[in-house]
C-alpha cells in the first residue's frame, strides 16, 4: 500500500471517528494527517540513516560490528529536533544531569602550576571490587567545560553501571582552583595531559586505562596520541565532536548565523574563565585588549597563541589541528562526528587520512550537531553519543585483546 492510499484511508477513518470542531468538514484533519505522513516519509528517507564507518583495518571493523554494534545501526535523531544547530543548542537544556559525587585532587606541575582532577572512584563496583585493577576512564571536557558538564556526567553514569572508575581532567583555572602561574591551556600543548596520564597510571598501574575526549578535549587527546604513538599507557581512546582543522572550524563559526548562535557566546565564556585570574595574568598580557575580543579567533590571537609562544595565530592553529597528526596515532581510536556540525565542517573531516592508519575508525552521522546526537521523542536520559561511549569503552576493557594485536 503506497503512502497516498494509506493517507486517504487513515483520513477517512479518523473523520468517521472524530467530530472535528475547528474544521467541520474534516479538511483540517486531513491536511494535518497528510502533513504528518509526508513528514514521516521524509524523516525515514532523508534523516534517519546508518552512520558511515570509515576504517581501513578489517579486524577493527569486525570488532566494532560485534562489540560496538551501535556504530552500524540506523541513527534516529529526535524527530522534532534533528538539525545540527538546534541539537547543539538544546542538548544542555534537555538532557538530564545525573548526580555524581566527586573526590577532588590537585596535582602540581613542573612549572609550579596545579591541575584539578575530579575522581569518581566507584568503590561500590560489584564487577571490579579490587580498586587496583578496576578499569579507569580519563575524561577530557570541551573548550570551557568541567566535570559538571551534562555530557561528562552521562559518561560517568554509563561507566558506573559497568563498574568502571572515572577521572575528569579539568583544564587549568576553570574548575574553581587558583592559577599559581600565568598559564592556562590550549588544544596544542599536551604537557598537562601528559602529566595527568602519568599521574593516574602511577596510582593504578595494574588497572586497564583508556581516555575519552569531547570537542577541544578530543582535539587535545588526539594531539597527544599523535605525539606519543604507541608510547602511552592508554589502551584506546574515544573522541567525540573534535574539530579536526582549526582553520576550517573558526571560519565556519565566523559565518553570521554561527557567530550569533555560538562564536560570541564561546568568546565570552573564554573571557569569563580568565577574568577571575586577571591579577595573575596581567603580569604577561594586556587584559583590556583580551577582554575586547568578539570572536574565538581574536581571543586566540591576543591571548592563547601569545601565551604558548607561537609567532602567529596561524602557527598555533596549524599545531592545534589534529588532522595533521592522525597518521601517527598508535593505539585504537574511535572518533564520532556529525557531518552537520558547524564546529567541525564535513569537508574538514580527514577521511582519507584516517584510511591510512589501521588504528583509526571514524563514525560519521548525517545529523547530530556538536555534542548533540539527541534521539528519541524526549531525549532526556541517553543520547546516541552516550551509547557509542558505553559500548566502545566496554568493548575495549572486556574484549580489547582482539584488537590490540592489529
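Glycine residues also receive a Cβ, built from the backbone N, Cα and C atoms like all the rest.
Model, not experiment: these values are computed from the prediction.
In TrEMBL, the transmembrane segment annotation falls on 20-44 of the listed ranges 20-44, 45-69. Rounded to a whole number, the C-alpha distance linking residue 370 (active site, charge relay system) with residue 341 (active site, charge relay system) is 5 angstrom. Separating the Cα atoms of residue 341 (active site, charge relay system) and residue 215 (active site, charge relay system) is a whole-number distance of 11 Å.
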